[in-house]
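J.: Below is a structure I'd like to ask you about.
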Amino acid sequence: MEQQMENRQVIFKGFIDRAPRETDMELKVGSIGGGLKAPPGSGAFLVKNLCLSCDPYMRGRMRDSRASYIPPFVPGQPIEGSGVSKVIDSDDPDFKPGDLVSGLTGWEEYSLVRKTDQLPNQLRKIEQHDVPLSYHLGLLVFGGPIQSHCTTSFVKFHGKFCETNRIQLNDAANFHGITNSLVYSQHKHLHGSTSLFMVPKNIFCAASGAVGQLVGQLAKLHGCYVVGSAGSRQKVDLLKSQLGFDDAFVYKEEPDLDAALKRYFPQGIDIYFDNVGGDMLDAALLNMCVGGRIAVCGMVSQHSQTDPQGIHNLFNLISKRIRMQGFLQSDYLHLFPLFFNQVLKYYKQGKITYVEDVAQGLEHAPAAFVGLFSGRNVGKQVIHVANP
């Protein structure tokens, strides 16, 4: 008789058109057959999940919509996202028992993984063992379902999007993949620039979140003046004292975002990094310099809106000749080797700091995810499931 092993799972209960709640997910005890063996001939490998990534983009997968770059979750099946796992058994010659890997996995204790279910360059072995494993979900991750945190910053600084003087960078939370890579890839063009990280008016996870903390530090390394916005004085203190931002303010205490940006950028903003949309994007449009650029990596403030908010100040794109461009990590996969080596070097040299908010135990995963949308997390939200 086939041996069955218990497998705790976080199950997605059904599609929603509102802000996510813990009750939209359910912790169940499932089973996994085969005595923790990969099925012969399957080409798959069985992993023990060690830590999981919580990211705002996952809210979009809770909608019954196929018109996206990534399919929705399947009701009745485990939530899935980026994770770090240990190979237990394998029918794939490229992965051996004991290997540590990062890639797409289920919110469960054990998952059966196939390379064919992964996005290009998403699944990889972890060879760098002298940094915390969870850093491979944020600081050192490149290929993710949407935007990897450090990579997105990296690419923006290594590309040509940011070739000017002052920068306003807006970030709202936790995005997987290339966002930081985008920003880093343009660092060399930003000497003497002014950077701003902002939060969404309704989201409490901006510059002190997964992407914003890294974009700001990478910008500082290349001579930028960095101002951060966060939802509490505690987070503002973190930005200034631990992450090296030049200044920061509590957006909840600002009755007029336009006036706030004019106070911090009296000469205007050259580049605005936006993961937020909504009121903050509208205010940024009013404060952009002529020829300014807006890098768009997300619209977190609109994720849970049944009637998304329109932008009122788009005419500034014409009058100020602003360039506004969207980014996805999959367009920049060729930068991964450069990204990994450079960011790892910065970290080991003590030039960048990485802040995590770790929830202990799979049972706390629903609360950790929902907390992203109320600003409960400080730094990159991670779920610790098990030790190696």
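Placed from the backbone N, Cα and C atoms, the Cβ positions cover glycine too.
Pulled the feature table from TrEMBL, pasting it below:
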DOMAIN    13-116  domain 'Oxidoreductase N-terminal'
DOMAIN    210-330  domain 'Alcohol dehydrogenase-like C-terminal'
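Situate these features within the shown structure.
T.: On the 0 to 100 pLDDT scale, the domain 'Oxidoreductase N-terminal' (13-116) averages 93 in the predicted structure.
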J.: When the domain 'Alcohol dehydrogenase-like C-terminal' (210-330) is classified with DSSP, how many of its residues are helical, how many are strand and how many are coil?
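T.: Here the numbers are 49 helix, 29 strand, 43 coil.
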